[in-house]
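**Student:** Below you'll find the structure I mean.
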Ligand code: GLU
């Protein structure tokens, strides 16, 4: 077998194209076939050198990137990731996913992604600041509030956005909404830090409601979560608020399992310590873990260790659920799987979840219902687009306003996926729930493709 040269990007491409091809879209409307060749090539990729000085006054050098993938629906929009694994395959996969995710929000944002192979772990605050300034020295030529609006992603949070914004403002002499996830006193939106995690849980609420015909909600549900960064923290808090029990969290070194459920206080402790890149293994020495002890499993992901679960929310990184782990989750009774991470499930895992969904014998029998990140984690970028709107108006909305807009739009997005999946599905089992992966891909793709036709990027 030929090894793909961009494995993550080819995986993301295949996930979208295989579900579109399994639907009746191209039979009903063959003009859309032409879009496939065009939309898979980024409009532009910027690659650059980032030279910066570490605390020992030595030269350090990293690779910087911005993939400006598609601007059919608005300025390029998507996060920046700082991680040693960052390369073009990763950023093209993330940028490609972002196009359709952003389309699903119903707001005017195109798709992009960027970042660097810089590893901020173990770096001082001064080193992180100097890196951000050096990175923005080049990036600032290619972005702007109406061109391309980056945000955070893995290892890029409020602190990094602050330094990047400060650098942009100095270099361009322009105070503008060029980044989202900004501080609350200089143009940030309330609820932006919470948005991805909250939005994910709002989405799953709709899944539960739809599958049980309104009979169930999060009350009493056991919820396995991976990751312990921004997305995992706020997803966990919202689950607790809605009466569910968070039975796991994890980081790159290991997993914590909590039989009685992680507490909001423990999550606050994790949130603080993670800014300083502390590991869960160290964090659980805090007194907050004495009264409500957790089990720590080194080197493990949660999925095969969580015991009986109702909901699984992968919130760490790509390909964090393997086929075997998906089977273990099914055996553990999982009913709803929704990704807070981007492409959290491998194709093998998706095949397991989708296979279970299709095998449903009757509408009342339990089935596993999988939601891809591009739908279920869209709340983050959705509130980013609301932040752009507030910046254009030069006002700040209240938390209640932003949260209710997020909630409403996550419901719309869920219903849109159901509508498309139902309209274009060729599945013969009428008892099974609609495919949320097919529905999300169709809804996002058609919206982007129609705009590309309008602009003459592709023609029939
Ligand atoms: N990195 C986030 C995502 O994967 C947020 C992007 C944004 O807000 O622009 O969607």
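Cβ coordinates come from backbone N, Cα and C, glycine included.
Unlike curated records, TrEMBL annotations are generated automatically.
Sharing the record's features from TrEMBL:
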type     : residues              : note
BINDING  : 77, 98, 101, 152, 384 : substrate binding site
ACT_SITE : 113                   : active site, proton donor
SITE     : 153                   : site 'Important for catalysis'
BINDING  : 196, 230              : NAD(+) binding site
**Student:** Comparing the binding-site residues 196, 230, which residue's C-beta has the most other C-beta atoms within 10 angstroms in this structure?
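**Tutor:** Answer by Cβ density within 10 Å: 196.
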**Student:** List which of the binding-site residues 77, 98, 101, 196, 384 have their Cα within 10 Å of the Cα of residue 153 (site 'Important for catalysis'), in sequence order.
**Tutor:** none
**Student:** Spatial neighbours of residue 113 (active site, proton donor) among the binding-site residues 77, 101, 196, 230, defined as Cα within 10 A: which are they?
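**Tutor:** Qualifying among 77, 101, 196, 230: 77.
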**Student:** Below 8 Å Cβ to Cβ and six or more residues apart, same chain only. Which residues does that give for residue 77 (substrate binding site)?
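**Tutor:** In sequence order, 98, 102, 109, 110, 111, 112, 148, 149, 151, 381, 384, 385, 388 meet the Cβ cut-off.
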**Student:** May I have the list of same-chain residues other than 77, 98, 101, 152, 384 whose Cβ is within 8 Å of the Cβ centroid of the recorded substrate site, in sequence order?
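**Tutor:** Along the chain, the qualifying residues are 78, 79, 102, 109, 111, 112, 113, 151, 180, 380, 381.
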**Student:** Using Cβ-Cβ distances, find the residues under 8 Å from residue 152 (substrate binding site) that belong to the same chain and are at least 6 apart in sequence, listing them in sequence order.
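**Tutor:** Result: 79, 80, 158, 160, 161, 181, 230.
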**Student:** For the recorded positions 101, 113, which Cβ has the most other Cβ atoms within 10 Å, all shown protein chains included?
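**Tutor:** Result of the Cβ crowding comparison: 113.
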**Student:** Could you measure between residue 196 (NAD(+) binding site) and residue 101 (substrate binding site) for me? Cα positions, answer in whole angstrom.
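**Tutor:** Cα-Cα distance, residue 196 (NAD(+) binding site) to residue 101 (substrate binding site): 12 Å.
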**Student:** According to DSSP, collapsed to three classes, what secondary structure does residue 196 (NAD(+) binding site) have?
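**Tutor:** It is helical.
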**Student:** Hey, what's the widest CA-to-CA gap across 77, 98, 101, 152, 384, the substrate contacts in the record, in Å?
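**Tutor:** Max span of the substrate binding residues, Cα based, is 16 Å.
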**Student:** For residue 152 (substrate binding site), name the DSSP secondary structure in the helix/strand/coil scheme.
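**Tutor:** Assignment for residue 152 (substrate binding site) reads strand.
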**Student:** Just counting, how many other CB atoms are there within 10 A of the CB of residue 384 (substrate binding site)?
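**Tutor:** Its Cβ has 30 other Cβ atoms within 10 Å.
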**Student:** What is the one among the recorded positions 98, 153 whose Cβ has the most other Cβ atoms less than or equal to 10 Å away?
**Tutor:** 98
